[in-house]
Amino acid sequence: MASPPAHRSSKAADEELPKASSTFHPSLWGSFFLTYQPPTAPQRANMKERAEVLRERVRKVLKGSTTDQLPETVNLILTLQRLGLGYYYENEIDKLLHQIYSNSDYNVKDLNLVSQRFYLLRKNGYDVPSDVFLSFKTEEGGFACAAADTRSLLSLYNAAYLWKHGEEVLDEAISSTRLRLQDLLGRLLPESPFAKEVSSSLRTPLFRRVGILEARNYIPIYETEATRNEAVLELAKLNFNLQQLDFCEELKHCSAWWNEMIAKSKLTFVRDRIVEEYFWMNGACYDPPYSLSRIILTKITGLITIIDDMFDTHGTTEDCMKFAEAFGRWDESAIHLLPEYMKDFYILMLETFQSFEDALGPEKSYRVLYLKQAMERLVELYTKEIKWRDEDYVATMSEHLKVSAESIGANALTCSAYAGMGDMSITKETFEWALSFPQFIRTFGSFVRLSNDVESTKREQTKDHSPSTVHCYMKEHGITMDDACEKIKELIEDSWKDMLEQSLALKGLPKVVPQLVFDFSRTTDNMYRDRDALTSSEALKEMIQLLFVEPIPE
């Protein structure tokens, strides 16, 4: 999933094992999660029993909500979703969303309500018009909002980031409110809850934040709000702590799998980032029923990391081509094609895919066939990039993205997530749609590729790497690397607009399909914005501690 592979001499003997790379720092976590000990069964049972009582109490509150009290209803739904509780109330929330969308009888002069309603509906797949904000524009080009009405200002800023191309009113809302919020932040107490909200939004608008991480960060802020619902607050804390127990057990399982993979395959040159990869994938599939998706995703990401490091830095051209030939056979008899150092890994990879089939059972094991197809396509594209490299070919930006938007692993990741979902709405048609690499997933792949390349290119330019999208853009337009990176950041911003437009146009697919792609985009943005946190993972340490180490005090 990094940039196309560096050139390696083809004269190395097949039996030579690549040496460990000094480029990548060792794991920051060691055996930490391998030694995890869960609470006793009675303790966990008590937590689950209390959570169930609270869930039903909150359900009654939600069922009692109507559009007659629109501000309260909108705020309640936003709060539940932001606290990571929306999954439990999908039916009730869907019913209310339809009523909110259909009911135009509300105070259109209330900027906070208009902003929150717009944000809520667009976030949940309703294509509401942005012209509701036109009445708030001033002759000076700003937006009418009293200086003391800071909450409305923040709501408008966050709502505007659910924008589509050509929505000038939202462009103007972002530029206008950003300046006012930056000024406001300088006058707030730094540790106040509202200052933290403003600061977080200026760094990452609410729509783009990783859901489970946002829940962890928002719970202590919600606790300070005078209008908080005590049952909602207690449930949010308990729910997060229960999820954390599941996450730690999954991390223990994935860490053991990874350690066995590296020990038996003897591939010591690969990046040891299984904890960070689990954190990354967790951000896309954090709801309680998606445990198997998280495990499959993490293992697939681990396998891709190994294959990528083989192709990217350590394998000869001949070795990589042999691996590609064996890969598509999915059979132990193909190991005779491989150099010695790849053979054990190949067998372990086959065993891993068999474990996926076993975990899915007879009714859903067919999903692994689609996952294999996605992985075959990934390796096929890796070989195309090798040919470009060996021929010293620099593609145009458009030509590069036709390959690299897919070779970044977009299809492999989405198919991995869908494979592990218990939801029976995920069908063969869902996988066939995904494997056709439709424009929505292609846009997501371009987003991941560009985000990766902007942060990895400067690090990789000192090595013998094939041109990234940054280099392609530099050559095509005759500009510097810094200027190319700035332009690509604009393209990344456009990708958010593209994905929103394309998601709103999707028909006939389970709603989890676009939701998953957006969650992948959020967690990828968190990994690559301003740094390559997978390679230099110190940047993730505090976030990993928050999600997997530190429970929320009850």
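Each Cβ is built from the backbone N, Cα and C atoms, and glycine gets one as well.
It should be emphasised that the depicted structure is a prediction, and the values quoted were computed from it without experimental measurement.
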Correct range for motif 'DDXXD motif' (source Swiss-Prot, candidates 93-97, 308-312, 478-482, 518-522): 308-312
Number of helical, extended and coil residues in the motif 'DDXXD motif' (308-312), per DSSP: 5 helix, 0 strand, 0 coil
Max pairwise CA distance, angstrom, over record-listed substrate binders Asp308, Asp312, Arg449, Asn452: 15
Length of the line joining the Cα atoms of Asp312 (Mg(2+) 2 binding site) and Ser456 (Mg(2+) 3 binding site), in Å: 13
Rounded distance in angstrom between the Cα atoms of Asp308 (Mg(2+) 2 binding site) and Ser456 (Mg(2+) 3 binding site): 14
